[in-house]
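> Got a structure for you, written out below as structure tokens; questions coming shortly.
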Amino acid sequence: MLSRALRCPRRTPAVSHSLVFACGNHNQSFPGNSQSSGRTASFGFKTVPEESKESLVKGVFDSVASKYDLMNDATSLGVHRLWKDTFVDSLKPGRKGPMRCIDVAGGTGDIALRILDYARENYADRETTVEVADINAQMLAEGVKRFKKTMYHYTPQISFHEANAQELSPSQFKDDTYDLYTIAFGIRNCTSIPAVLREAYRVLKPGATFACLEFSKVNNPLLNVLYDQYSFSVIPLLGTILAGDRDSYQYLVESIRKFPGQPEFAQMIRDAGFATGGDHDGGAWMDLWGGIASIHTGVKV
Ligand SMILES: C[S@@+](CC[C@H](N)C(=O)[O-])C[C@H]1O[C@@H](n2cnc3c(N)ncnc32)[C@H](O)[C@@H]1O
């Protein structure tokens with residue numbers, strides 16, 4: 001099922017589409033400066049007016065959308081696939097019967113596809129549904145293209161919606177609705193993490209699960225040095241060679257370093273009202289590859 005947004009991906013009434021820079025050029029003047037609130041946000045290692053960040057992030061994903069899946073494989077050497085498999089396996093969608101899921105910042109539908117496949121392959125479940133919500137119409141359009149090649153295309157199991165994680169429309173994404181909320185490699189791109197968590201709490205049913213897969217803090221100092229070297233030299237270079245866009249990949253690497261560490265993020269999840277496990281690996285979060293990425297979960301109480 002496709003929402004109106006994706007039959008006409010460049011125009012929806014809900015989201016403004018004022019793209020703010022030509023692909024890959026992050027050195028433009030910032031939109032919204034004239035009515036600046038004075039608050040700032042990080043955009044990678046840059047500090048920008050808070051109201052500019054959303055447009056800047058949209059610009060990054062406009063720029064990378066058509067090559068996003070290829071670049072994900074290239075920059076992570078395919079490892080993102082393993083992490084996403086682990087993420088979805090850990091949630092066991094469909095185990096307790098069909099679920100209504102929302103995958104926010106769902107991009108090209110990687111997590112949605114895994115959820116549907118997992119439920120079908122393990123529990124013969126063809127009733128679990130996933131609503132993919134993302135702020136970027138071009139990423140969603142890539143997702144629609146990809147789902148056309150799957151058995152889920154034109155079934156009620158999948159739908160795509162252009163929406164901002166920080167302010168999901170309450171008429172479209174109603175209170176106490178979903179059994180599972182997932183967000184993978186998306187929350188660090190949002191201007192306000194607490195606002196995203198508040199919305200996640202609102203739309204989940206009591207007792208339902210919030211699950212976030214995100215880059216995190218590496219625990220081992222040696223691994224950290226190697227990882228830093230790889231991230232800051234290889235990834236922007238691959239961005240230049242494969243996508244002709246160094247700046248976007250530089251931003252992606254920098255945004256990872258600005259994201260809070262595991263205990264700090266777990267506390268933010270609790271502050272939003274979720275119950276989590278204890279403040280350690282295997283409790284509130286599960287580290288993947290020494291903390292390069294981690295899975296945080298919380299239950300709406
Ligand atoms: C790195 S991609 C991850 C996509 C997908 N979840 C995956 O794991 O492959 C980050 C996504 O977050 C989306 N995004 C960024 N800010 C957002 C916001 N405020 N609300 C919704 N989506 C957002 C981007 O458009 C992009 O598709």
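Yeah, the Cβs are placed from backbone N, Cα and C, and that goes for glycine too.
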> Looking at the S-adenosyl-L-methionine binding annotation from TrEMBL, with Thr108, Asn164, Ala165 already listed, which candidate in Asp85, Asp89, Asp134 is the matching residue?
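Looking at Asp85, Asp89, Asp134, the one TrEMBL places in the S-adenosyl-L-methionine site next to Thr108, Asn164, Ala165 is Asp134.
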> Say we define neighbours as other CB atoms within 10 Å of the CB. Which of the binding-site residues Thr108, Asn164 has the fewest?
Asn164
> Measuring CB to CB from Ala165 (S-adenosyl-L-methionine binding site), give everything in the same chain under 8 Å that is also at least six residues away in sequence.
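Correct list: Val104, Ala105, Ala133, Ile135, Ile183, Gly186, Ile187, Cys190, Ala195, Val196, Glu199.
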> If you draw a 10 Å sphere on the Cβ of Asp134 (S-adenosyl-L-methionine binding site), how many other Cβ atoms land inside?
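That number is 25.
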> Once the DSSP letters are reduced so that anything not helix or strand counts as coil, what is Ala165 (S-adenosyl-L-methionine binding site)?
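DSSP call for Ala165 (S-adenosyl-L-methionine binding site): coil, neither helix nor strand.
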